[in-house]
Amino acid sequence: MSKKYDAGVKEYRDTYWTPEYVPLDTDLLACFKCTGQEGVPREEVAAAVAAESSTGTWSTVWSELLTDLEFYKGRCYRIEDVPGDKESFYAFIAYPLDLFEEGSITNVLTSLVGNVFGFKALRHLRLEDIRFPMAFIKTCGGPPNGIVVERDRLNKYGRPLLGCTIKPKLGLSGKNYGRVVYECLRGGLDLTKDDENINSQPFQRWRERFEFVAEAVKLAQQETGEVKGHYLNCTATTPEEMYERAEFAKELDMPIIMHDYITGGFTANTGLANWCRKNGMLLHIHRAMHAVIDRHPKHGIHFRVLAKCLRLSGGDQLHTGTVVGKLEGDRQTTLGYIDNLRESFVPEDRTRGNFFDQDWGSMPGVFAVASGGIHVWHMPALLAIFGDDSCLQFGGGTHGHPWGSAAGAAANRVALEACVKARNAGREIEKESRDILMEAAKHSPELAIALETWKEIKFEFDTVDKLDVQ
């Protein structure tokens, strides 16, 4: 063995920098934005990322002789400049598929965004995008139902779904919570939602909430003749408790449940998605904690990666920001990951932040959810940006109506239907937004009051995380 094995430390680029490599269709491809320490060559930084996220360690080890390192190692095959940023660069790395457990997003992320992010040779590291090969996609369950099945279940066609989060999000008793749900649904909303941080607190235990919400949903359905629903948050302390809540929602004949997929974790999320698929339940996904991970432009994980991972792990709806509301997200970037939630094939398009072609095959799509600081004046822009296969959720923009939640719901429903009608008639709804809404308000006092209430409310702040394009 001593004749074959050279102990010691060698540069990462000697093994993991392979610019001559042509990625295979079965490779998982990743794009990292790297910012190395001063004096460390780009090739060494990029190769270190490839090594530490695949087979490498800081020293040569004798046990490399027991496997085929050339087959299993990650390979950095390309380096690119980041437009407008002289200290950072893009490293493109190819990973052989056998490095990952089939269908396990947890395992993929453990490798790609694990210890390598604490590597001292790096000042910053950000996972910008992943190309999942079809051979991996076919091992994932994906959305439990998908867009088409969800529309059939809810009997909603030709427009976005309309919803809201119940406010105040914390502090209501179960009975009062149910009353607010009822007011919103009878006013014209399709769906209402638990806030992401309501689980089972002393002021309102989960079982009490589920029962009062179910009563409210059924009463609103009887009065309106429409299918209604409420996202019952099943996120819990343990997986066992999560499944107990999901089972009870099914017993109550509720159509949809909810999970906080980042705080709850991908293992729990995939398990819950599999349960929903077997039990005919829709699954709404909230992204609480995402901004801790994705907002810094040089370090962390871009949300487009988290969105792709969610589509594979499983969910029928996912929050994506609003572009026009109170939360971070520019238009082109948001459209980029909406494409990856809904389309069967998404081409490389740097203007939308997509670094790779992504073929999703026959995997069902996910509804994009716009929620956060939106009101009736935003309706034309939201419809133009998100299209029909989306869910528009107005929390404060429903409950803040001077006449109450039912009137706020009615105002949003009238505004949405007016915008859809105008779009279908060929009008440019963003340019003509004021005229469209004011015309509709002539026949809806609820909308007229809403337009007056929120006419001065805007969230005009510069985007922190911008696309790296010139």
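Heads up, the Cβ atoms here are built off N, Cα and C, so glycines get one too.
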Among His230, His319, His401, which residue does Swiss-Prot name as a further substrate binder in the site formed by Asn115, Thr165, Lys169, Arg287, Ser371?
His319
Rounded distance in angstrom between the Cα atoms of Arg287 (substrate binding site) and Glu196 (Mg(2+) binding site):
8
Compare all C-alpha positions of Asn115, Thr165, Lys169, Arg287, His319, Ser371, the record's substrate binders, and send over the largest distance in angstrom.
37
Neighbouring CB atoms within 10 angstroms of the CB of Lys193 (N6-carboxylysine), all protein chains considered, total 29
Among the binding-site residues Asp195, Glu196, which residue has its Cβ surrounded by the fewest other Cβ atoms within 10 Å?
Asp195
Most Cβ neighbours within 10 Å, among the recorded positions Lys167, Lys169, His286, Arg287, His319, goes to His286
List the other residues in this chain whose Cβ sits within 8 Å of the Cβ centroid of the Mg(2+) site residues Lys193, Asp195, Glu196, in sequence order.
Thr165, Ile166, Lys169, Asp194, Asn197, Ile198, Tyr231, Asn233, Met258, His286
Among the binding-site residues listed here, Asn115, Thr165, Ser371, whose Cβ has the fewest other Cβ atoms inside 10 Å?
Asn115
